[in-house]
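Visitor: For reference, Swiss-Prot lists these features for the protein:
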- TYR140: active site, proton donor/acceptor (ACT_SITE)
- LYS168: active site, schiff-base intermediate with substrate (ACT_SITE)
- THR51, ILE209: pyruvate binding site (BINDING)
- THR50: site 'Part of a proton relay during catalysis' (SITE)
- TYR114: site 'Part of a proton relay during catalysis' (SITE)
Amino acid sequence: MTLSQLKNCQIITALVTPFHADGSINFKALPELIEHLLNNHTQALLLAGTTAESPTLTHEEELELFSEVQRIVNGRVPLIAGIGTNDTRDSVDFAKEVANFGGFAAGLAIVPYYNKPTQEGLYQHFLAIAEASSLPIIIYNIPGRVVVDLHPDTLLKLAQHPNIIGVKDCTNLDHLAYIIENKPEDFLIYTGEDGQIFHAMNLGADGVISVASHTNGSEIFEMINHITNGRIKEAAQIQRRFLPKVNALFSVSSPAPVKAVLNYLGFNVGPLRLPLVACTRQEADAIINIVLDKAPKEYVTKGVLRPDY
């Protein structure tokens, strides 16, 4: 599907990668999982993001995953490919490859991690990716994971490039409000923080790139629908019930919690690849009870890790 269709999508799911017990990709688990997502208000899919455990996927596995998901989806919703690394040349090559591969509305390029570039280095990095191919680029700013923060003014400078179409923002509401207020009119703003959906949408964001939509898509849809129609109190009531679930889904390094819930629901997404490990039985039971409303409301007090899409 096209970029114009992506612009109408408010709930984008960062798809997990199902694995067999031996660590190989379980492609047979994808159709049922994807149908579940599409039936619960997912309007677009992000492939090979961090929730997909992309750091542990080989390039060949990513391409095979792209082909299989495209076959299953069959044009029903737009697809976004995770194409960013901390090597500009590699990111440029991947953007070109995905553009030639076809079938993607955009590519998601993360702020480079580990090598700690300056703002000028970040600007040049994303400029090179944007100019490498016709693939529209969404920048992914998640300083809690990559250490470096793409400053709002650097992002707004990049937003002037016609092939940089949006940002997935995992910073804070001050940052988000600033870029929404000052962005070009057609520049897309997605929060990458499930817990910020209520505030981000009220500030004027276009949607969310979500982990929680794997398990709580109907709640997210209902909340956004209330906001869109001016029913803020009703949306806030959903947000209050939703926050403990988000806390549970990020109480252990993601995507371990969401995989625990999906496995419980019968979707056979399997284990994680090292260095990530599955939740303990005790952790999984607590997470499942909260996320699926199987126990009295309980807040997770250990703290919330920054979502990793």
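All residue numbers here begin at 1 and follow the chain in the order shown.
Glycine is no exception: its Cβ is also placed from the backbone N, Cα and C atoms.
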Visitor: Looking at the recorded positions THR50, THR51, TYR114, LYS168, which ones sit with their CA no more than 10 Å from the CA of TYR140 (active site, proton donor/acceptor)?
Guide: LYS168
Visitor: Would you kindly give the Cα-Cα distance separating the residue listed as 'active site, schiff-base intermediate with substrate' and ILE209 (pyruvate binding site), rounded to the nearest Å?
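Guide: With the alpha carbons as reference points, the distance is 7 Å.
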Visitor: What does the structure give for the C-alpha distance between TYR114 (site 'Part of a proton relay during catalysis') and the residue listed as 'active site, schiff-base intermediate with substrate'? Integer Å is fine.
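Guide: That separation, Cα to Cα, works out to 19 Å.
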Visitor: How would DSSP class THR50 (site 'Part of a proton relay during catalysis') in three states?
Guide: helix
Visitor: What is the one among the recorded positions THR50, THR51 whose Cβ has the most other Cβ atoms less than or equal to 10 Å away?
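Guide: Compared across THR50, THR51, the most Cβ atoms within 10 Å surround THR51.
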Visitor: Taking every protein chain shown into account, which of the recorded positions TYR114, TYR140 has the largest tally of Cβ atoms within 10 Å of its Cβ?
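Guide: Max Cβ neighbours within 10 Å, all protein chains included: TYR140.
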Visitor: Using DSSP with the three-state reduction, classify ILE209 (pyruvate binding site) as helix, strand or coil.
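Guide: The residue in question, ILE209 (pyruvate binding site), is strand (DSSP, three-state).
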Visitor: State the three-class DSSP label for the residue listed as 'active site, schiff-base intermediate with substrate', counting H, G and I as helix, E and B as strand, and everything else as coil.
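Guide: DSSP assigns the residue listed as 'active site, schiff-base intermediate with substrate' to strand.
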Visitor: Between LYS168 (active site, schiff-base intermediate with substrate) and THR51 (pyruvate binding site), how many Å separate their Cα atoms?
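Guide: Rounded to the nearest whole number, the Cα-Cα distance is 14 Å.
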